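Engineer: What TrEMBL shows for this protein is this:
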| type | residues | note |
| --- | --- | --- |
| TRANSMEM | 20-38 | transmembrane segment |
| TRANSMEM | 44-74 | transmembrane segment |
| TRANSMEM | 95-116 | transmembrane segment |
| TRANSMEM | 136-158 | transmembrane segment |
| TRANSMEM | 170-189 | transmembrane segment |
| TRANSMEM | 201-220 | transmembrane segment |
| TRANSMEM | 240-265 | transmembrane segment |
| TRANSMEM | 291-317 | transmembrane segment |
| TRANSMEM | 337-356 | transmembrane segment |
| TRANSMEM | 368-387 | transmembrane segment |
| TRANSMEM | 399-418 | transmembrane segment |
| TRANSMEM | 424-444 | transmembrane segment |
Amino acid sequence: QEKKRKRKCIYRSPGSPVGLLSGICLIVGTMIGSGIFISPKSVLLYSGAVGPCLLIWTACGVLSTLGALCYAELGTMITKSGGEYPYFMEAFGSIVAYLYSWTTIMVLKPSSFAIITLSFAEYASTPFYPGCSPPLIVTKCLAAAAILIITSINCLSVKLASYVQNFFTAAKLIIILVIVGAGIVLLAQGKTENFSNAFDGTATSFGAIGLAFYNGLWAYDGWNQLNFITEELKDPFRDLPLAIVIGIPLVTVCYVLVNVAYFTVMTTTELLLSPAVAVTFGDRVLYPASWIVPLFVVFSTFGSANGSCFTAGRLVYASGREGHMVKILSYINVKRYTPAPALIFNGVLAIFYIIPADINALINYFSFAQWFFYGLAALALIVMRFTRKDLDRPVKIPVVLAGIMVLVSCYLVLAPIIDQPELEYLYCTIFIFSGLILYYPFVYRKVNWGRKIMRPITMHLQLLMDVAPPEKTE
């Protein structure tokens, strides 16, 4: 058993080892971004009342925990970085893994990075424009600056990025404790009128409930982040499941209690009309110290963006070394041991996604495709129970949990499409499969002219960024 725990990864991972505390901070810090300060409006809008809104927030936490437990088994069974990518390679083969990496690298990860930095920019610039919204050009430029700073931090040092993540995770937990504490005091004072008739006006539409879950789960997104850096964990067999079991229930409790605090101060109508729910709460409860809420929301979104960048680079790195992306993206800096080309590539794409700045469309696109892959990962776990019985499983969950995850994912993908068909879902599907156009000549056939074009480009970029291929180990 001890020999199994000391198995070596196939490749030397970039950066220094990440411990249990940093792993918990990565999960908590990435999950708690701008979602809990924005999504309460969307969840309430689609759920229709206080009661179902709180139930959906709780159910989203339970669902995230179920999904993360599936990923704990996958991550301790296949100890490679890259999130779902190595699991798809093992269970379904090269094509499915390629389509996942194509979609996630080109759209999901950079668009998520862009969404978070746009939220950061909006909260950071609002105090300088009292009584009106900040100009769009200011928000976009500030978001682009945040992407450049965060990408630079992650390129400089894994340890520095971990310290930044730990600091901002502590900051966001502080503001959540302040909001929850204020809510408990108000409840003790008898502010419970908004909880009477809590289920009046509950939504009954099949699609509306699905959209409520979409927006709630967007706030919870990040529960799988540790699987993107499995090779960099000091002890993945211990730290991965422990970080999941500690981090996700902590976030669930925080989210539910924060929503309870909001409803002690605001009616459903007031909450829906609020431009920024957390700021409105601060103005009503914490005045004259209400300025701390937008300040800590800025901290929260910055920390979440750092976590998103940290893990996104590892997927690009893992995909590049398997030949599914250009090889230069799998190289690491020879002095700092960071996957600099992959991080820079993700940052450049995120800046492009800032240009349209349509956050709602990005969230819908992101959720639809992401939950398709979450369901596919749970299905991969079930498939490998039969096809890869030889693999060691330090963590083994009941297969029924993976089955529930697959069914819920199918519901979340299909419900909004059936209830309210929109072209963006078709565009998403077309984009996913359009990756095959590049897969056949460049990955499957490995055409010579493609290599001839890329060889001098790779050499010049390698010299420019001082990077080299990762070392293989026995």
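From the backbone N, Cα and C atoms, a Cβ is placed for every residue, glycine too.
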Engineer: Can you work out whether the transmembrane segment (136-158) touches the transmembrane segment (368-387), with the criterion being 3+ CB pairs under 8 Å where the paired residues are 6 or more apart along the chain?
Structural biologist: no
Engineer: Taking pairs 6 or more apart in sequence, does the count of Cβ pairs under 8 Å between the transmembrane segment (368-387) and the transmembrane segment (240-265) hit 3 or more?
Structural biologist: no
Engineer: Three or more CB pairs closer than 8 Å, sequence separation of 6 or more: does that hold for the transmembrane segment (240-265) against the transmembrane segment (95-116)?
Structural biologist: no
Engineer: Need a quick answer: max count of Cβ pairs under 8 Å to the transmembrane segment (337-356), which of 44-74, 95-116, 201-220, 399-418, 424-444 is it?
Structural biologist: 95-116
Engineer: So, taking each listed stretch (44-74, 201-220, 399-418, 424-444) in turn and counting its Cβ pairs to the transmembrane segment (95-116) that are under 8 angstroms, which one gives the highest count?
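Structural biologist: Per the Cβ under 8 Å count, 424-444.
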Engineer: Counting CB pairs under 8 Å, which listed stretch among 44-74, 201-220, 424-444 touches the transmembrane segment (399-418) the most?
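Structural biologist: Between the candidates 44-74, 201-220, 424-444, the best contact partner of the transmembrane segment (399-418) is 201-220.
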